[in-house]
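Annotated features in TrEMBL:
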- C390: active site, phosphocysteine intermediate (ACT_SITE)
- N303, K304, M305, K306, N328, I329, C390, S391, D392, G393, W394, D395, R396: substrate binding site (BINDING)
- 17-30: compositional bias 'Basic and acidic residues' (COMPBIAS)
- 178-547: domain 'Myotubularin phosphatase' (DOMAIN)
- 359-406: domain 'Tyrosine specific protein phosphatases' (DOMAIN)
- 1-30: region 'Disordered' (REGION)
Amino acid sequence: MEESDSVESLCSSTTTRSDRSSGTRVSDTELRSKGRVIEKVYKDPSKGELPLLPEEHVQDSAKDVTYICPFIGPVRGSLSVTNYRLFFRCTDREPVFGLDLPLGVLSRVEKIGAATSRGDVSYGLACKDMRNLRFVHKEPEDSLKKSVFEVLMKFAFPVSNNMSLFAFEYKQVFPESGWKVYDPLAEYKRQGLPNESWRISKVNDHYELCDSYPAALVVPVTITDEELRRVSSFRAKGRIPVLSWIHPESQAAVVRASQPMVGQNGRRCKEDEKLLQAIMDANAQSHKMFIFDARPSVNAAANKMKGGGYESEDAYQNAELVFLDIHNIHVMRESLRKLKEVVYPNIEDSHWLSNLESTHWLEHIKLILAGALRIADKVESGKTSVVVHCSDGWDRTPQLTSLALIMLDSHYRTIRGFQMLLEKEWLSFGHRFQQRVGHGDKNHTDADRSPIFLQFIDCVWQMTRQFPAAFEFNEYFLITILDHLYSCLFGTFLCNSEQQRLKEVIPPMCSSPPSVYDTSSSGSPTTYAGILACDHRNLSISATKSC
């Protein structure tokens, strides 16, 4: 971590309702600095015991710690580290406030500089949600005793220390399991599937066809399982073209896949060509199909050197290939890094627009939204089936298909429908959450990390801002999802595929971590309790107090 004044505000971004209703209440007092609201702060009038979750235990604490805040100056207090989070409580000013930070949010913890003459050492905490925190702490006089920050590093990166994530220790019991929020067969039935043109194949029941795909796959009835196996050897990572959604009237389909492995020699696969023709034929209202390749055309062509590539319009009759010019995970990671430098710790008002433009973040958001809109328009207005893919089909592809489905199907704009959409397009179809987020891993320079899901949520937020009445939820819902993308409190976002989740997270249910969608006895999602109150008559949403 660079030695700088880059420090975040006083309050944790975590919005776990169980945290906030267990003793630490959110104050309505807002700190203001330089004319801007910093953030709501936690108030703990009782100054009593820490509000711990089930199976959460204090691992170490220190009384004389200073939090370096660029807005209100140094703040002295006590710091405690549990196996789930960091607590900092102010002791020298009113109102009493604190910091409540899940350790899963931490990207790295580093000592900054050498100890001062007083024995004080600075520590920088860089967070995955773009915050930076800085603390000053006196080193223990006993050289054998570990610093509280050394203990923090151990529990912040459990995977690197051969420990389990807190989600596997968390034993909160909920009346209804959130793991049941998505039933693929019920969701396909809602869409009218199977029908005379589409069937549900069991070829991937044991994840032998494609280990990153779900067990239930919807494919044309005219394509046999043996032909699907041959197609899997032609598509990157075995990710064959399968249906995500079908239009209830025109029967135009949204199909997702990975790139074809054509290579430099223009390799062809007759079964793959037959499959795409069958997808086209399943839609009687159109004799054309669009293939949307999320990549820039230059990148797609370069992939031929690695054995990949894109569909030739000569091989795929009546199919039009469209490149959407969305860049890869490395470009997006760098864009977010630049954005963080612009917005934290201070925003330079005089150069705000030019600095923001230099990050290219909003340019990427625009391209993703524009691509999803083109897909939705071809399906809705053009009554044409579409195939969507990028390279491997688990990053840009779910961004595009999910956003297009939100535009096409109002069900996905409800709270429950949006949960199902995440489960279907992101979790079951193998977005690599563990690799992209790096849960519990101290290797913050890992090239596989990238803010792909964050970008998607940003795109959804842009849509809710433009069409608020079209959604049953607002930004509080989206922020809560992002909080638990990083928190490692729930098992939902911990794995890379459905197969891995079934093996490592869900069974046996008696010892599995809870889902982020687990519900309270009232039937509302516990994670969102006290945040969303919906009036279904006009889809207006308001914030309510914590339950």
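Placed from the backbone N, Cα and C atoms, the Cβ positions cover glycine too.
Structural mapping of features recorded in TrEMBL.
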residue : record                                    : Cβ neighbours (10 Å)
N303    : substrate binding site                    : 20
M305    : substrate binding site                    : 10
N328    : substrate binding site                    : 17
C390    : active site, phosphocysteine intermediate : 28
D392    : substrate binding site                    : 18
W394    : substrate binding site                    : 25
R396    : substrate binding site                    : 29
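Mean predicted confidence for the domain 'Myotubularin phosphatase' (178-547): the pLDDT average there is 91. Within the set N303, K304, M305, K306, N328, I329, C390, S391, D392, G393, W394, D395, R396 that the record links to substrate, no two Cα atoms are more than 21 Å apart, and one pair reaches that distance. Cα of N303 (substrate binding site) to Cα of C390 (active site, phosphocysteine intermediate): a span of 11 Å. The distance from the Cα of N328 (substrate binding site) to the Cα of C390 (active site, phosphocysteine intermediate) comes to 9 Å. Residue counts for the domain 'Tyrosine specific protein phosphatases' (359-406) under DSSP (helix as H, G, I; strand as E, B; rest coil) come to 32 helix, 5 strand, 11 coil.
Cα spacing between M305 (substrate binding site) and C390 (active site, phosphocysteine intermediate): 16 Å, rounded to the nearest whole number.
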